[in-house]
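Undergrad: To start, I am sharing the structure in question, which I have written as structure tokens.
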Amino acid sequence: MTVSESAPALEELAERASALDTADPLATLRQRFVLPDGIVYLDGNSLGALPAAVPGALADGVHRQWGVGLIGSWNEHQWWQAPLRVGDAIGRLLGAAPGQTVAGDSTTVQLFNGLTAAARLRPGRRLLLTDPGHFPTDGYIADSVARLLGLEVRRVAVDDLPRCLAERGDEVAVAGYSPVDYRTGELHDMAAITRAVQDAGGLMLWDLCHATGALPVRLDKLGVDLAVGCGYKFLSGGPGAPAFIYVARRHQAAFDHPLTGWNGHADPFGLNGDYTPAPGVERARIGTPPILSLLALEAALTAFEGVGMEQVRAKSLSLTGYFIDCADTLLNGLGFTVVTPRDPHRRGSQVALRHPDAYALVRALAARGVIGDMRTPDLLRFGVNALYVSHRDMLTAVRHLREAVTRGEHRDPRLRQRATVT
Ligand SMILES: Cc1ncc(COP(=O)(O)O)c(C=O)c1O
């Protein structure tokens, strides 16, 4: 690399990366993924890399289970149980005992289901709380649920929640928040927020898209009411992988699902005209599940075998902390601001940098083999999946970023032209 870096500082960073990677107990897990040579992949918070177990599982699902087993595979290969089986496997990463998590549909659909059912569990309360900085779909769905049920949505930032709960807590039916801000990577205190909402008599629904597979969540221990999340980010289940919903056992008997599909019926093959919900979390099923996608997600989850979420968290914090150190040293004076909290207790599994030319810089980086992404208007995001990212990757990414900006690559008009997906 020809960039004019202070040699001793760079040497020190490189030595640190090498020492940290050598001591990394999770280093071999990278072999559980298929990553193209020469690529530094820091977009696993958007689309996880391909787990090595997935292609074989999909081929088996297609050729043997579907091709040979045909319809008999619903029983023979237990396709029917897949949403619950995969749900339980996800639940293990979330501190959820079996029988509370169902895999299927998209996060957006599961948000609709969870918010509606939560509001029905708190009749007479008319307030839905959501984060003004939430991923847009969360706010859109809260608005729609409120319109359907005649409720009111209030967008309340996490810092303003205590005041809102003090003023109108007795009206709150449900609060839907995300522990990790999808733009800045800020981590909120799940335990404190859950307690505050529940103390006011409301229910807590967490959107775990940026937490599942990235950090310990402890749903049962925190007494969370409901949670949803996706399968395609840190779980690496593939593009459009099934999402999930967690319904705490104590709420299941009264959980009134808004989408009363036949898969959630107590006797689905009785084909009755009247809907009777299944007794447990099965009532959170809807229609025929996407079996091939579930098989891919199930295989992807084997990448977590033998790995504790505490270990994943420790490595993730080491990676993001080291990335921030690299940025402080190598990007100093080049127009970047680290917006992700430096306090490890307040940091999710990504680092976001602010720069006015974020979009073109992310594209310049991609041309150099470093894949991150951007969030409008000016954030570069670097997601860190501790299962396949190394400290060396962090240093490589920051060095390329320094070189790209120093050479003015982001001024290339071709890189400034927007693509459909950013
Ligand atoms: C916090 C959060 N919720 C929801 C979604 C997306 O929902 P869906 O999986 O339905 O597209 C995202 C996508 O990035 C997200 O970051």
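One is the number of the first residue shown, and numbering goes on along the chain from there.
Even glycines carry a Cβ here, placed using N, Cα and C.
Since we're looking at a predicted model, the values are computed, not measured.
The feature pyridoxal 5'-phosphate binding site is assigned by TrEMBL to THR107, THR108, PHE135, PRO136, THR137, ASP138, ASP207, HIS210, TYR232, TRP262, THR288. Annotated N6-(pyridoxal phosphate)lysine per TrEMBL: LYS233, in sequence order.
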Undergrad: Express in Å, rounded to the nearest integer, the largest CA to CA distance found among the pyridoxal 5'-phosphate-binding residues THR107, THR108, PHE135, PRO136, THR137, ASP138, ASP207, HIS210, TYR232, TRP262, THR288 named in the record.
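TA: Maximum Cα-Cα distance: 31 Å.
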Undergrad: Tell me the Cα distance separating THR107 (pyridoxal 5'-phosphate binding site) from the residue listed as 'N6-(pyridoxal phosphate)lysine', rounded to the nearest angstrom.
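TA: The residue listed as 'N6-(pyridoxal phosphate)lysine' and THR107 (pyridoxal 5'-phosphate binding site) have their Cα atoms 12 Å apart.
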Undergrad: Measure from the Cβ of THR288 (pyridoxal 5'-phosphate binding site) and count the other Cβ atoms within 10 Å, all protein chains considered.
TA: 13
Undergrad: Any same-chain residues 6+ apart from TYR232 (pyridoxal 5'-phosphate binding site) with CB under 8 Å of its CB? Would you list them in sequence order, or say none?
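TA: Listed in sequence order: LEU47, GLY48, GLY238, PRO239, GLY240, ALA241.
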Undergrad: Using DSSP and collapsing to three states, where does ASP207 (pyridoxal 5'-phosphate binding site) fall: helix, strand or coil?
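TA: It is in a strand.
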Undergrad: So among the binding-site residues THR107, THR137, who's got the most Cβ atoms within 10 Å?
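TA: Of the binding-site residues THR107, THR137, the highest Cβ count within 10 Å belongs to THR107.
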Undergrad: Return the residues near ASP207 (pyridoxal 5'-phosphate binding site) by Cβ distance under 8 Å, restricted to its own chain and a separation of at least 6 in sequence.
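TA: Correct list: THR107, LEU111, HIS134, PHE135, ASP138, GLY176, TYR177, SER178, ALA227, VAL228, GLY229.
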Undergrad: Under 6 Å from ligand 1 by Cβ, which binding-site residues from THR107, PHE135, ASP207, TYR232?
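TA: THR107, PHE135, ASP207, in sequence order.
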Undergrad: Let me know how many other Cβ atoms fall within 10 Å of the Cβ of PHE135 (pyridoxal 5'-phosphate binding site).
TA: 19
